[in-house]
Amino acid sequence: MIVKTDSQSKQRAPRGKLDARVLIIEGRYYEDIGDLLLEHAVAALTERGVAYEHIVVPGALEIPQVLIQAANWGLLTRDAANGFDGVVALGCVIRGETSHYDIVCNNANHWMMETAARHATPVGNAILTVDTMEQALARANGGKGADAANACMQLIEIGRAFETRRAGAV
Ligand SMILES: Nc1c(NC[C@H](O)[C@H](O)[C@H](O)CO)[nH]c(=O)[nH]c1=O
Ligand SMILES: CC(=O)[C@@H](O)COP(=O)(O)O
């Protein structure tokens, strides 16, 4: 059985409870934005009964570093005691006067996604990369945190469907 993603099904598939544990890694550079992203992400996880742990770092550049540390300690698997089935990344990068915006955005996203790919870890990404606080507030209020949580949970389900298929149980 292949789990249909929202983009494939005509309407949002009903989502039941999901036995999983997710690590929320938050680069909390803007408190108000962080509160909104976290609120929506936690609501989406809680709606499906998914357990979560929440680690806060100073900014987006530290997000992939936490992911890499979790990988190095063998925690990006449910097979490990207290391991994680997936990760939700929350953050907000707002362009300033210099090129530092590009450094932060490019490296935070590149190394996070590279680590996710290397370890086949489901990662939902809500690191906002915007030009103004108004843009950030609109997206944080609009549920980008929930989108990232839902993406992570769908990837977890897809991985489990593949595992079942590989075991020949389909
Ligand atoms: N300007 C923003 C940053 N900058 C900080 C870096 O992410 C990092 O914490 C610092 O360079 C120390 O290593 N971070 C954001 O998340 N958002 C920004 O707008
Ligand atoms: C994304 C950033 O690092 C940014 O906030 C830094 O601002 P500035 O480029 O004006 O130093």
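Using N, Cα and C of the backbone, Cβ positions are placed for all residues, glycine too.
All TrEMBL annotations are machine predictions without curation.
Going by TrEMBL, these are the annotated features:
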BINDING   Y29, A60, L61, E62, C92, V93, I94, N125  5-amino-6-(D-ribitylamino)uracil binding site
BINDING   E97, T98, R139  (2S)-2-hydroxy-3-oxobutyl phosphate binding site
ACT_SITE  H100  active site, proton donor
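Each residue contributes its Cα atom, and for N125 (5-amino-6-(D-ribitylamino)uracil binding site) and R139 ((2S)-2-hydroxy-3-oxobutyl phosphate binding site) these two points are 13 Å apart.
Taken in sequence order, the binding-site residues V93, E97, T98, N125, R139 that lie near ligand 1, meaning a CB under 6 Å from one of its atoms, are V93. Recorded residues H100 (active site, proton donor) and R139 ((2S)-2-hydroxy-3-oxobutyl phosphate binding site) have their alpha carbons 22 Å apart, per Cα-Cα distance. Candidate binding-site residues: A60, L61, C92, V93. Fewest other C-beta atoms within 10 angstroms, L61. Here the C-alpha separation of A60 (5-amino-6-(D-ribitylamino)uracil binding site) and T98 ((2S)-2-hydroxy-3-oxobutyl phosphate binding site) works out to 17 Å. Checking the binding-site residues E62, E97, N125 against ligand 2, the ones with a C-beta less than 6 Å from an atom of that molecule are E97. It is 20 Å from the Cα atom of L61 (5-amino-6-(D-ribitylamino)uracil binding site) to that of R139 ((2S)-2-hydroxy-3-oxobutyl phosphate binding site). When the binding-site residues E62, E97 are compared by the number of other C-beta atoms lying within 10 angstroms of their own C-beta, E97 comes out lowest. Around N125 (5-amino-6-(D-ribitylamino)uracil binding site), taking its Cβ as the centre, 21 other Cβ atoms fall within 10 Å, counting all chains. Here the CA atom of E62 (5-amino-6-(D-ribitylamino)uracil binding site) lies 21 Å from the CA atom of E97 ((2S)-2-hydroxy-3-oxobutyl phosphate binding site). Cβ neighbours of Y29 (5-amino-6-(D-ribitylamino)uracil binding site) (same chain, under 8 Å, six or more residues apart in sequence): P58, G59, A60, G91, C92, V93. Maximum intra-site Cα distance, 5-amino-6-(D-ribitylamino)uracil binding residues Y29, A60, L61, E62, C92, V93, I94, N125: 16 Å. Across the structure, E62 (5-amino-6-(D-ribitylamino)uracil binding site) and R139 ((2S)-2-hydroxy-3-oxobutyl phosphate binding site) place their CA atoms 22 angstrom apart.
In this entry, (2S)-2-hydroxy-3-oxobutyl phosphate is bound by E97, T98, R139, whose most widely separated C-alpha atoms sit 23 angstrom apart.
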